[in-house]
Amino acid sequence: MVSANGSHCPYDDSFKYTLYGCMFSMVFVLGLISNCVAIYIFICALKVRNETTTYMINLAMSDLLFVFTLPFRIFYFATRNWPFGDLLCKISVMLFYTNMYGSILFLTCISVDRFLAIVYPFKSKTLRTKRNAKIVCIAVWFTVMGGSAPAVFFQSTHSQGNNTSEACFENFPAATWKTYLSRIVIFIEIVGFFIPLILNVTCSSMVLRTLNKPVTLSRSKMNKTKVLKMIFVHLVIFCFCFVPYNINLILYSLVRTQTFVNCSVGAAVRTMYPITLCIAVSNCCFDPIVYYFTSDTIQNSIKMKSWSVRRSDSRFSEVQGTENFIQHNLQTLKNKIFDNESAI
């Protein structure tokens, strides 16, 4: 049990080391495989790339950059020692926030793009261009990197355990929370969470309303079902991954600044923080599902790959069957010749 900085409330968060180690290991394996496959399809399989694909490529790159830092985090949470230096600690922290809020903003870009394509298909043609999509992506990268810079500035390694080990990713001091971090959290939550959340819900609602209008009722039922699945998957992943962490981050900020002085509330919030963070990190594994339901080309590429694999397997089976048939006939012929020679 340790006491919160400047607080009389004891808490024990040692469980987070095991939780982080297990969760980050799983995210590393699944996230690395799924996002590498996604990048391969985007670069090698897609012959025509549109503005939506541009957002998805940047989202996959954001996921991969964060996934590459996970082995260092896994090592730290397993050994509780950071031997990789202060710079890599700062880079790992920056890529965590860059990935989380970059994912939120890129998913929002995909949602807004879908909204423009369905609700204003003709008026939005001048807006929905690959050039504009690239400009938006550059703006997103600058925004998330600028927003994560203060956290990187305050995060650094420090000695622990009688100077026998180095710590990284540990809690900031209470004084830092009161003076700087609480204001940074307000900015991050408004720009990086609440505005994107409102945009996602609003755009999805207007798309659903447009699809139910008499003018669009003539659309094929299959197309409508596909759009509904797309919206459902998008919102579920967005809300599941990011809502718990960001709501808890607000409460966590209030606890660390001692706005909440209730020990029970503080303990609950501190306990939920590592859990919600693990849920948020899992977005690296779920983002490829968004790619699948958003892009017909990706669906077709995966189906073609699986079809070609099945076809090659069937060809192999046919060849193997033919070889077995030939071998059987040769053996039969050999036996007949041997019987005839024996009779002579």
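All positions are counted from 1 along the displayed chain.
Glycine is treated like the rest: Cβ placed from N, Cα and C.
Annotation comment: Swiss-Prot describes 1-25, 78-90, 156-183, 252-272 as topological domain 'Extracellular'. For 26-46, 57-77, 91-111, 135-155, 184-204, 231-251, 273-293, the entry in Swiss-Prot reads transmembrane segment, with the evidence type sequence analysis. Marked as topological domain 'Cytoplasmic' by Swiss-Prot: 47-56, 112-134, 205-230, 294-344. Among the features that Swiss-Prot reports, disulfide bond is placed at C89-C168. For N162, the entry in Swiss-Prot reads N-linked glycosylation site, with the evidence type sequence analysis.
In the three-state DSSP classification, C89 (disulfide bond) falls within a helix. The stretches the transmembrane segment (57-77) and the transmembrane segment (273-293) meet in space: the count of Cβ pairs below 8 angstroms, excluding pairs fewer than 6 apart in sequence, reaches at least three. Sequence-distant neighbours of C168 (disulfide bond) (same chain, 6+ apart, CB under 8 A from its CB) are Y76, W82, C89, S92, V93, Q155, T157.
It is 273-293 that, among the stretches 91-111, 231-251, 273-293, forms the most Cβ pairs under 8 Å with the transmembrane segment (26-46). Cβ neighbour count for C89 (disulfide bond) (all protein chains, 10 Å cutoff from its Cβ): 23.
Tertiary proximity for the topological domain 'Cytoplasmic' (47-56) is limited to same-chain residues at least six positions away from its ends with a CB under 8 Å from its CB atoms, namely 38, 106, 109-110, 113-114, 128-130, 132-134, 136-137, 290-291, 294-295, 297. Mean pLDDT of the predicted structure over the topological domain 'Extracellular' (1-25): 75. Panel annotation: around the transmembrane segment (91-111), residues 52, 55-56, 58-59, 62-63, 65-66, 69, 72-73, 133, 136-137, 140-141, 143-145, 147-149, 151-152, 155, 168-169, 188, 192-193, 196, 199-200, 203-204, 234, 237-238, 241-242, 245, 280-281, 283-284, 287, 290, 294 of the same chain, lying at least six beyond its termini, place a Cβ under 8 Å from a Cβ of the stretch. Mapped onto DSSP helix, strand and coil, the topological domain 'Cytoplasmic' (112-134) counts 16 helix, 0 strand, 7 coil.
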